[in-house]
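One structure below.
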Amino acid sequence: MVRLSIEENIYNLLPSEEKPPANSPRYISVFQPSVKREIQERKTHPCKTMGIPKLQVPAPWDFLRKHSKEPKLPKRKRDPRATKSPELSVPKRTHHPVMGVQSQKNYVTTNIAEAIVAVAKKPTRACVDGRKGDKFLVENSGLVKKYLKKKDFGVTPGYIKKRSQEAQRAQAEREAYLAEETLGGRGLTRLSREERETVLEGLKANWEELNREYQSLSVVVDTVPRKLHKEELEVQMKQLEHDIGALEKHPVIYVANK
């Protein structure tokens with residue numbers, strides 16, 4: 001007990017001051033001597049930065065010429081096996097042309113006949129698009145609808161007449177079939193031209209009325225009833241547009257009887 005009381009001390013309960021860690025050694029570049037030497041050389045010999053002092057100067061006549069850097073083809077080598085020289089297009093010295101030959105053709109009469117028979121040349125279609133007279137050709141510019149002017153040279157008048165007769169026969173058979181279906185109890189009735197025009201005018205009037213009501217809606221549609229009413233008007237207008245398009249596209253209308 002005496003020994004334990006001697007070892008205990010109140011100062012031992014205080015936190016001991018820790019020593020700061022030792023700093024790491026300072027970084028020193030391995031290129032430091034060479035950098036110092038280079039800086040010292042630049043200070044003492046500043047002219048060395050302009051290049052090598054003992055440089056061979058080119059001659060005044062050895063300057064850069066035009067197209068000197070372009071690649072050049074090698075010169076054509078003559079085949080040693082070819083002994084015969086190429087024939088020239090000019091006549092030889094020993095050639096004697098035939099003399100005294102005269103033509104009996106009357107060029108004046110021939111030219112007059114060709115001018116009368118020749119077809120007149122059509123002027124080139126062009127469009128001027130500038131005040132200085134700049135123009136471009138219209139034929140291949142895309143402004144001419146060539147597909148409307150195509151002619152089928154293989155079609156003969158007899159073929160056209162035959163096709164028209166076949167179309168008339170098919171139309172007659174269709175009308176007979178529809179009439180038979182109507183008389184057979186299917187309940188198909190063909191609308192007359194006046195009835196078709198009346199129905200078309202009524203559909204257009206209904207569309208105008210719906211469109212007027214649609215345009216009078218408020219700009220802000222924030223409630224559910226307003227949204228439903230707007231959607232209903234759009235559906236009705238779309239259906240009327242479809243019916244009007246169908247009546248205008250088909251001249252013959254058949255209606256099923258109830």
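Backbone N, Cα and C atoms are what each Cβ position is placed from, and that goes for glycine too.
Please treat TrEMBL annotations as automatic predictions, because they have not gone through curation.
The coiled coil annotation in TrEMBL covers 160-250. If you look up TrEMBL, you'll see 66-79 marked as compositional bias 'Basic residues'. The domain 'Enkurin' feature in TrEMBL is assigned to 163-255. Residues or ranges marked as region 'Disordered' in TrEMBL: 63-98.
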Averaged pLDDT, computed only over the residues in the coiled coil (160-250): 83
Counts of helix, strand and coil residues, the region 'Disordered' (63-98), according to DSSP: 0 helix, 0 strand, 36 coil
